[in-house]
Amino acid sequence: MKTMSKSSLRLHFLSLLLLCCVSPSSFVIIRFITHNHFDGLVRCHPHKFQALTQFKNEFDTRRCNHSNYFNGIWCDNSKVRSQSYDYGTVSVELSNQTVASSSFIIFATLISLTTTSPPLPSLPSLFPTLRNLTKLTVLDLSHNHFSGTLKPNNSLFELHHLRYLNLEVNNFSSSLPSEFGYLNNLQHCGLKEFPNIFKTLKKMEAIDVSNNRINGKIPEWLWSLPLLHLVNILNNSFDGFEGSTEVLVNSSVRILLLESNNFEGALPSLPHSINAFSAGHNNFTGEIPLSICTRTSLGVLDLNYNNLIGPVSQCLSNVTFVNLRKNNLEGTIPETFIVGSSIRTLDVGYNRLTGKLPRSLLNCSSLEFLSVDNNRIKDTFPFWLKALPKLQVLTLSSNKFYGPISPPHQGPLGFPELRILEISDNKFTGSLSSRYFENWKASSAMMNEYVGLYMVYEKNPYGVVVYTFLDRIDLKYKGLNMEQARVLTSYSAIDFSRNLLEGNIPESIGLLKALIALNLSNNAFTGHIPQSLANLKELQSLDMSRNQLSGTIPNGLKQLSFLAYISVSHNQLKGEIPQGTQITGQLKSSFEGNVGLCGLPLEERCFDNSASPTQHHKQDEEEEEEQVLHWKAVAMGYGPGLLVGFAIAYVIASYKPEWLTKIIGPNKRRN
């Protein structure tokens, strides 16, 4: 075989999926092992075996972990079969190894080639060899350091079966030549520009140029590609569309992701087939177009962080994910949620909404996330929402809510799936019953990993791309106001701060094992800090400042290994601050305003003499134990003595009653 130049690829791992020509049972597994021989070869055709062996020998395996299959070459029939590859074809994925480009000459049936991060050096010798891969359909060269220009005579443009091409995150210096149009079977391409040559790619289904610095306007011709169903341009600097706002209407696009750009002006009219539209973090203005109500397949509408005005749309009942957060919307939340509504997320926080919560929300049996924080809603606590069986997040903070938050019967609150309840900065009053947190079954379970509230799947022949739309809330956490994402099943949090609540803090708070943040500050709570807080092993943030709490700080809090923030300042607490790393490492301000508190991190010492508080505590315990032992000794002597005394008296009374008369006297005996 003719030897070509030896410019190398440095690869993370190499996996070779080989389908031998005999039958599905003839798939092979080849692994690098200590003695450098093969294991598991099965009925492979001789020329296939020779090609595979030669390809394996191109690699430097001296630094491989030979016990790890992914540091070698392997073949997996299940993966080949699941990809529906035709017999006689091969798929290769390369990373962090060294291979001469001549290797690819032997694989005329290669259909998939991937060389991804960590970055590879410039590889001018790779492209000439590509013309030998006549059946190649997938080529992923993303996240490398390829440089230079793509010349018109590049063998890349001879891959007429190519359907998937990814060249993103490289250092190519040229624009795409017109020869790019020869790839007329291309369906998916990730680049850093919108080349005009794309006009000729009539089979293009998905374009993803996200996370780049592309500016300007989206070309009008893009929407005329007949099979295009996904456009992802998030995290760029686009500022508008060529043509009118009606340019998208007749497009076949189903998923349109415009988030985090510089778009201005009115929202575009959406395609009739749209499933998901995300345009958050832009500068869109005007009202939400009425045409949205005619897009019956719309499942995701994400318009957060814009400057939209006007009312909330009347037709959102069957949109699964609705995020209108941080706009300038006015009016009331419409009473138009119908029975059987499919809405799962409704976030209208940080607007100018007034009125009351719509009672038609009771029709939304799938509702999991409801956020109306930072508006001007004036209403009582929505106990009626307990009828929603899946409600997990409820945020009412910074509105004009008022009245009690305990049910009239003073029992448990009654939201079994609730994990996050934020009602801070309102005018809620009254006390919490001792059983208030008993029915929070979801928060009483241990933490689970969040898998995304609403996901859109974009399927293609090369895998499944998942776009996840996360819920976000503003939570005062560890003393800071922070925007939290991944909120649903990943943790539990309670924020009752800045209200007019009073009475004792219920011991039932200790049942919420998934609780990571508890904020009861700026109320009028009295009584002791619940000892049951020591049961909250996941707790990371605890704020009970500016109340009227008394007594001591529970010693069990020092055992909470995740507790990163605690504040009990400005109460009426006394005694020694528990001495544990998580507590003594806090700022002094977390404990100030309690005249009776002493010990680190405060400067006030708890004792005047040289003995430490711990030593005094031990001495007190020893004295108590000594007294208990003395009483035990007395009891041990008293019990048997009393028994013997009764026995002697019984014998005397039975057999010698005159002796008993002499001992106690006749008068005493008559009594």
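Don't overthink the numbers, they just go from 1 along the chain as shown.
Each residue, glycine too, has its Cβ placed from N, Cα and C.
What Swiss-Prot says about this protein:
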- N65: N-linked glycosylation site (CARBOHYD)
- N96: N-linked glycosylation site (CARBOHYD)
- N132: N-linked glycosylation site (CARBOHYD)
- N153: N-linked glycosylation site (CARBOHYD)
- N171: N-linked glycosylation site (CARBOHYD)
- N235: N-linked glycosylation site (CARBOHYD)
- N250: N-linked glycosylation site (CARBOHYD)
- N283: N-linked glycosylation site (CARBOHYD)
- N318: N-linked glycosylation site (CARBOHYD)
- N363: N-linked glycosylation site (CARBOHYD)
- N519: N-linked glycosylation site (CARBOHYD)
- 160-182: repeat 'LRR 3' (REPEAT)
- 251-276: repeat 'LRR 7' (REPEAT)
- 341-364: repeat 'LRR 11' (REPEAT)
- 537-560: repeat 'LRR 17' (REPEAT)
- 1-27: signal peptide (SIGNAL)
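Proximity of N363 (N-linked glycosylation site) to non-local residues of its own chain (separation of 6 or more, Cβ distance below 8 Å) is seen for S317, F337, I338, V339, G340, S341, given in sequence order. Outside the repeat 'LRR 7' (251-276), and at least 6 residues removed from its termini, the chain residues within Cβ reach (under 8 Å) are 210, 215, 223-241, 245, 282-286, 288-289, 291-292, 294-295, 297-300, 302-303, 308, 456, 458, 467, 469. Comparing N318 (N-linked glycosylation site) with N250 (N-linked glycosylation site), their Cα atoms are 22 Å apart once rounded. N519 (N-linked glycosylation site) is 35 Å away from N235 (N-linked glycosylation site) when you measure Cα to Cα. When the neighbouring Cβ atoms lying within 10 Å are counted for each of the glycosylation sites (N235, N519), the highest count belongs to N519.
Summary: among the glycosylation sites (N250, N318), the fewest other C-beta atoms within 10 A of the C-beta are counted at N250. In the three-state DSSP scheme, N519 (N-linked glycosylation site) falls into the strand class. Computed over the repeat 'LRR 7' (251-276), the whole-number mean pLDDT of the model equals 94. A gap of 24 Å separates the Cα atoms of N283 (N-linked glycosylation site) and N250 (N-linked glycosylation site). Rounded to a whole number, the distance between the Cα atoms of N519 (N-linked glycosylation site) and N250 (N-linked glycosylation site) is 51 Å.
Summarised by DSSP class, the composition of the repeat 'LRR 7' (251-276) is 0 helix, 6 strand, 20 coil. Cβ neighbour count for N283 (N-linked glycosylation site) (all protein chains, 10 Å cutoff from its Cβ): 13. Across the repeat 'LRR 11' (341-364), the DSSP tally of helix, strand and coil residues reads 5 helix, 5 strand, 14 coil.
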